[in-house]
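Just below is one structure, and these are the notes that go with it.
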Amino acid sequence: MKVSSLLSVALPGAALAATDSFQSRCNEFQNKIDIANVTVRSVAYVAAGQNISQAEVASVCKASVQASVDLCRVTMNISTSDRSHLWAEAWLPRNYTGRFVSTGNGGLAGCVQETDLNFAANFGFATVGTNGGHDGDTAKYFLNNSEVLADFAYRSVHEGTVVGKQLTQLFYDEGYNYSYYLGCSTGGRQGYQQVQRFPDDYDGVIAGSAAMNFINLISWGAFLWKATGLADDPDFISADLWSVIHQEIVRQCDLVDGALDGIIEDPDFCAPVIERLICDGTTNGTSCITGAQAAKVNRALSDFYGPDGTVYYPRLNYGGEADSAYLYFTGSMYSRTEEWYKYVVYNDTNWNSSQWTLESAKLALEQNPFNIQAFDPNITAFRDRGGKLLSYHGTQDPIISSTDSKLYYRRVANALNAAPSELDEFYRFFQISGMGHCGDGTGASYIGQGYGTYTSKAPQVNLLRTMVDWVENGKAPEYMPGNKLNANGSIEYMRKHCRYPKHNVHTGPGNYTDPNSWTCV
């Protein structure tokens, strides 16, 4: 099936006839569902433009979503043990193209990513998503319940996929021809988990901004808090001052890539001297920092080492520090970090952040419950069955260091003894300059992995379309196109993001808004 069918539209005459048969099939579908461990909650026809009913969705997960296309929506519980279950949804679109896709979660999971379901359904994918086994972005449900933790660690996406595929085969006479995965952040970790643990689940996996080094990422939140101190510390750095620090880092590193565009193309080539911001007696404290504060900045922007001297987690991306200030540099331990230690590592509601030490980080890594770390570089089974892995990470990510994605790529290269040209056959990783966490940012970050980063003004910039073209037509992406949008939604410029290990350099002759004036070197 050609990729152009992703955007095909049914003829008006055929649509009316299809309406009755599609709605009837949906109305009768609940009576046909008989799948082990599945309790159907509802089956409903939803017309394009209709608001998605969320009566049974956890309140913290409710969001305003309008169906992008006509679809049959199935909500259900999937039992995973006698102490755990998943809330799941399957969206089965009228404009079905013979493709199935599973979506992932975010943060500490807890919510079905309905916007991702809607995005995939819009392009004719039968799609499924789960809540990861609990309600809301919290770790409290893991307390004294290892089964719920197992769902979050690895089980939820796989079980949801198994059920989603069965529903797809039941609903559509033709079944499905190809299966895909789409996820970012925690969803990126889940994508890598699938590649490593369930290599036969998908033909193509899109995993973005992945929290795959999960345990050490959690502990990194504590390290950053310790590095920057409490809010009442006389040398505490406010969010406003972090903005000043950010501007100085960009000033020092912007031209390293050859273009003065306000973007650090690749943080690996940035080596800012923070001490240049130390007050000299003629500047005030709102535009400069003290020597003690400079030391804190350098510590916060350095690698996180465990007690044995090994790197647990790489440094924060230069260029993302201003946004990180609202997460990691608040004077309190990052909430997800504190919850993980309280409800998982120590399994003790009385534990508090003041008790954290480097030994705590060591203990957390040794526990690695249900191998939640998705850092296993041996992905030969996925490669050998013909799977394709497309990964991306924003270089302005304030939550998860993009360097971690580079480290994993190198681990795979070493484990498989494979050169980049050999990895290119099945695994391609793209650095997205100016992208924040899974989107946003100051650069050409609209790469089309969801409604937040897709624009109909550039329909070819669509990660699902890119993956379909690679899996089904053998056309692998040489670069990742991304758009920078104006406030009114128009395209300001496009940039061709490089396939790692190459990086972008502005070589002209045009200015930085000309995509052909950049070279991957």
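Glycine is treated like the rest: Cβ placed from N, Cα and C.
Features reported for this protein in Swiss-Prot:
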DISULFID  Cys26-Cys72  disulfide bond
CARBOHYD  Asn37  N-linked glycosylation site
CARBOHYD  Asn51  N-linked glycosylation site
DISULFID  Cys61-Cys111  disulfide bond
CARBOHYD  Asn77  N-linked glycosylation site
CARBOHYD  Asn95  N-linked glycosylation site
CARBOHYD  Asn144  N-linked glycosylation site
CARBOHYD  Asn177  N-linked glycosylation site
DISULFID  Cys184-Cys438  disulfide bond
ACT_SITE  Ser185  active site, acyl-ester intermediate
DISULFID  Cys253-Cys270  disulfide bond
BINDING   Asp254, Asp257, Ala259, Asp261, Ile263  Ca(2+) binding site
DISULFID  Cys279-Cys288  disulfide bond
CARBOHYD  Asn284  N-linked glycosylation site
CARBOHYD  Asn347  N-linked glycosylation site
CARBOHYD  Asn352  N-linked glycosylation site
CARBOHYD  Asn378  N-linked glycosylation site
ACT_SITE  Asp397  active site, charge relay system
ACT_SITE  His437  active site, charge relay system
CARBOHYD  Asn488  N-linked glycosylation site
DISULFID  Cys498-Cys520  disulfide bond
CARBOHYD  Asn511  N-linked glycosylation site
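This view paints the features noted in Swiss-Prot onto the structure.
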residue: Cys26; record: disulfide bond; CB count, 10 Å: 21
residue: Asn37; record: N-linked glycosylation site; CB count, 10 Å: 15
residue: Asn51; record: N-linked glycosylation site; CB count, 10 Å: 10
residue: Cys61; record: disulfide bond; CB count, 10 Å: 17
residue: Asn95; record: N-linked glycosylation site; CB count, 10 Å: 23
residue: Ser185; record: active site, acyl-ester intermediate; CB count, 10 Å: 21
residue: Asp254; record: Ca(2+) binding site; CB count, 10 Å: 18
residue: His437; record: active site, charge relay system; CB count, 10 Å: 22
residue: Cys438; record: disulfide bond; CB count, 10 Å: 26
residue: Cys498; record: disulfide bond; CB count, 10 Å: 24
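Sequence-distant neighbours of Cys288 (disulfide bond) (same chain, 6+ residues apart, CB-CB distance under 8 A): Val244, Leu277, Ile278, Cys279, Asp280. A 10 Å radius around the C-alpha of Cys270 (disulfide bond) takes in none of the recorded positions listed as Ser185, Ala259, Asp261, Ile263, Asp397, His437. The closest partner of Cys498 (disulfide bond) among the recorded positions, by CA position, is Ile263; the full candidate set was Ser185, Asp254, Asp261, Ile263, His437. Counting only the Cα atoms, the space from Asn37 (N-linked glycosylation site) to the residue listed as 'active site, acyl-ester intermediate' is about 28 angstrom. The number of other Cβ atoms within 10 Å of the Cβ belonging to Cys111 (disulfide bond), over all protein chains shown, comes to 24. His437 (active site, charge relay system) has none of the glycosylation sites Asn95, Asn144, Asn177, Asn378, Asn511 nearby, counting only those with a Cα within 10 angstroms of its own Cα. Neighbour list (Cys253 (disulfide bond), Cβ cut-off 8 Å, at least 6 residues apart, same chain): Ile264, Pro267, Phe269, Cys270, Ala271, Pro272, Tyr318, Gly319. For Ala259 (Ca(2+) binding site), the nearest of the recorded positions Cys184, Asn347, Cys520 in terms of C-alpha separation is Cys520. Around Asn77 (N-linked glycosylation site), the C-beta neighbours below 8 angstroms that are at least 6 residues distant in the chain are Val38, Thr39, Arg41, His85, Leu86, Trp87, Ala88. When the glycosylation sites Asn177, Asn347, Asn378, Asn488, Asn511 are compared by the number of other CB atoms within 10 angstroms of each CB, Asn488 has the fewest. Listed in chain order, the extra residues whose Cβ falls within 8 Å of the Cβ center of the Ca(2+) site residues Asp254, Asp257, Ala259, Asp261, Ile263 are Leu255, Val256, Gly258, Leu260, Gly262, Ile264, Glu265, Ser433, His506, Tyr512.
Secondary structure from DSSP puts Cys520 (disulfide bond) in a beta strand.
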